[in-house]
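A.B. asks: Residues or ranges marked as signal peptide by Swiss-Prot: 1-26. Sequence annotations record features per position, and here Swiss-Prot assigns domain 'TSP type-1 0' to 27-75 based on sequence analysis. Per Swiss-Prot, disulfide bond is recorded for CYS42-CYS71, CYS56-CYS74, CYS92-CYS132, CYS131-CYS169, CYS162-CYS173, CYS204-CYS247, CYS268-CYS305, CYS283-CYS295, CYS326-CYS369, CYS349-CYS359, CYS392-CYS456, CYS408-CYS440 (among others). Swiss-Prot lists 76-133 with the feature domain 'TSP type-1 1', giving sequence analysis as the kind of evidence. Swiss-Prot lists 135-190 with the feature domain 'TSP type-1 2'. What Swiss-Prot records for 192-254 is domain 'TSP type-1 3'. The annotation domain 'TSP type-1 4' is assigned in Swiss-Prot to 256-312. The domain 'TSP type-1 5' feature in Swiss-Prot is assigned to 314-376. Taken from Swiss-Prot, the feature region 'Interaction with Complement C3 beta chain' covers 350-358, and the record attributes it to similarity to another entry. Summarising the annotation, Swiss-Prot assigns domain 'TSP type-1 6' to 380-463. As annotated by Swiss-Prot, N-linked glycosylation site applies to ASN429, with the evidence given as sequence analysis.
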Amino acid sequence: MTAPVQVPQSLLLLLMLLLTLPATGSDPVLCFSQYEDSSSKCKDLLGKDVSLEDCCLNAAYAFKERDNGHCQACRSPRWSPWSSWAPCSVSCSEGSQLRHRRCIGWGGQCSENKAPGTLEWQLQACEEQQCCPEMGGWSNWEPWGPCTVTCSKGTRIRRRVCNNPAPKCGGHCPGVAQESEACDTQQVCPTHGAWGPWGPWSSCLSSCHGGPHKPVETRSRTCSAPEPSKNPPGNPCPGTAYEQQSCAGLPPCPVAGGWGPWGSVSPCSVTCGLGQILEQRKCDNPVPQHGGSFCTGDDTRAHICNTAVPCPVDGEWEPWGDWSTCTRPHLSAIRCKEIVGQQTRVRICKGRKFNGQRCPGKHQEIRHCYNIQNCIFGEKGSWSQWTPWGLCTPPCGANPTRVRQRRCMASLPKFSPTVSVVEGQGEKNVTFWGKPLAQCEELQGQKVLLEEKRPCLHVPACKDPEEEEP
């Protein structure tokens, strides 16, 4: 067993002083070690009154400016996932529904120069049920049924059916399908005896073992709940009015537990950013026995520690850029011809800091292509099917509308879909690049693009969901 490390008392006093000094720089915040993307909540509070710069040394951490404030992530700002679609604004016929996302992060802006905390909305049409409920009507009441008992007073019932007319589309008839009333047989019922509750057990001489006696405890009950009637005669209570049992097997007397001393301080739990140091104690002074109560309070306690070292941030790929023009070196005229060219696209690795991991994969892609930009080919084009209805725009403004489209689709030439570039390396796929000129029969007065618009109905208001929480 190794001896515990002796920490000089002066060093401990210095550490406690540093932890209690107020943070400098920006206003202090509540610092958390985890940001939960699925709920936009802060998890695992590290400490209060921490400076924003110290808390965000680790980009995986999060902070709140006040107890009831929004949770904000320390990472570079980016949009949260879209929320689930809210319930439809009406329960039948056509309505609308909203969803949202929030710019989450610190030290920058999301796309479109949106500041952290900004909400962005989407609105779409919805239809929970095509038709609305229609109420039905009741039939006439059936005759009353027989009385439920053969003596004394009971009840009888009668029924009716919801079919005059029948309800439609989930509707119903108002009122009840069955009703009851009292009935009297004019016959007296016998009263059968029933036991009242058992009385309490008599006291044993001791509540825990170790005494000189093994006492017996007894209890009794009476046939009085109710007593049996005499005319007409009722049945007596079955069974016995008394019972007894031995008090043997009483437990040993309990011993309550007590805390031992706090153990030594552990190292800081992290090597970068903010972490914790822990102390522990055991409930062994004495150990609880024979049902005695366990020690109250916590067996661990934590203090915040600051490594003052920023945590690595791995790089992340930006989206691929657009493909370059399809060309072929030393050959200028390949447009509209079955001549294979090449094009490239690139992407940028952003956000890498403090010796974080580089982005995996390549930053450039090359593919083979045919240049068909603004080309006219022999066959006429054809109109596409209607696209799905788009989102309602504006989602939070007045009179939002939705649009669907049909486009004139140009016919593509029957060029070879593959090409052999280097002998022994097999065939490579060839992609069409550019937009050929489309020539379609005129449709509703349009030659290229046909659009249909509709208003969005029963539009709900855009409200921050976090402001609706109690």
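Here, residue 1 is simply the first one shown, and the rest follow in order.
Cβ from N, Cα, C; glycine included.
Situate these features within the shown structure.
C.D. replies: Per-residue confidence over the domain 'TSP type-1 0' (27-75) averages 90 (mean pLDDT, predicted model).
DSSP gives CYS42 (disulfide bond) a strand state. Other C-beta atoms found within 10 angstroms of the C-beta of CYS42 (disulfide bond) number 22, with every protein chain shown included.
CYS56 (disulfide bond) carries neither a helix nor a strand DSSP state and counts as coil.
Look at CYS132 (disulfide bond): DSSP puts it in coil. Counted within 10 Å of its Cβ, the other Cβ atoms near CYS132 (disulfide bond) come to 13, all protein chains included.
Counting only same-chain residues six or more apart in sequence, the Cβ atoms lying under 8 angstroms from the Cβ of CYS131 (disulfide bond) belong to CYS92, SER93, LYS168, CYS169.
According to DSSP, CYS162 (disulfide bond) is assigned to a strand segment. Sequence-distant neighbours of CYS162 (disulfide bond) (same chain, 6+ residues apart, CB-CB distance under 8 A): GLY136, GLY137, TRP138, SER139, HIS172, CYS173, ALA177.
The local packing around CYS247 (disulfide bond), expressed as other Cβ atoms within 10 Å of its Cβ over all shown chains, amounts to 19.
Broken down with DSSP, the domain 'TSP type-1 4' (256-312) shows 0 helix, 15 strand, 42 coil.
There are 21 other CB atoms within 10 A of the CB of CYS305 (disulfide bond), with all protein chains counted.
The Cβ of CYS283 (disulfide bond) lies under 8 Å from the Cβ of GLY257, GLY258, TRP259, GLY260, PHE294, CYS295, ASP299, each on the same chain and at least six residues away in sequence.
For CYS326 (disulfide bond), applying a Cβ distance below 8 Å and a minimum sequence separation of six or more within one chain yields ILE334, GLY341, GLN342, GLN343, CYS369, TYR370, ASN371, GLN373, TRP433, GLY434.
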A.B. asks: Quick one: give me the count of other CB atoms within 10 A of the CB of CYS295 (disulfide bond).
C.D. replies: 18
A.B. asks: Looking at the disulfide-bonded residues CYS268, CYS349, CYS456, which has the shortest Cα distance to CYS408 (disulfide bond)?
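C.D. replies: With Cα distances computed to CYS408 (disulfide bond), the winner among CYS268, CYS349, CYS456 is CYS456.
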A.B. asks: Taking 10 A as the limit, how many CB atoms besides its own sit near the CB of CYS56 (disulfide bond)?
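C.D. replies: Taking all protein chains shown, CYS56 (disulfide bond) has 26 Cβ neighbours within 10 Å.
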A.B. asks: Which one of these stretches, 192-254, 256-312, 314-376, 380-463, has the most C-beta pairs shorter than 8 Å to the domain 'TSP type-1 0' (27-75)?
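C.D. replies: Most Cβ pairs under 8 Å with the domain 'TSP type-1 0' (27-75) come from 256-312.
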A.B. asks: Using Cα coordinates, what distance in whole Å links CYS56 (disulfide bond) and CYS71 (disulfide bond)?
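C.D. replies: Between the alpha carbons of CYS56 (disulfide bond) and CYS71 (disulfide bond) there are 13 Å.
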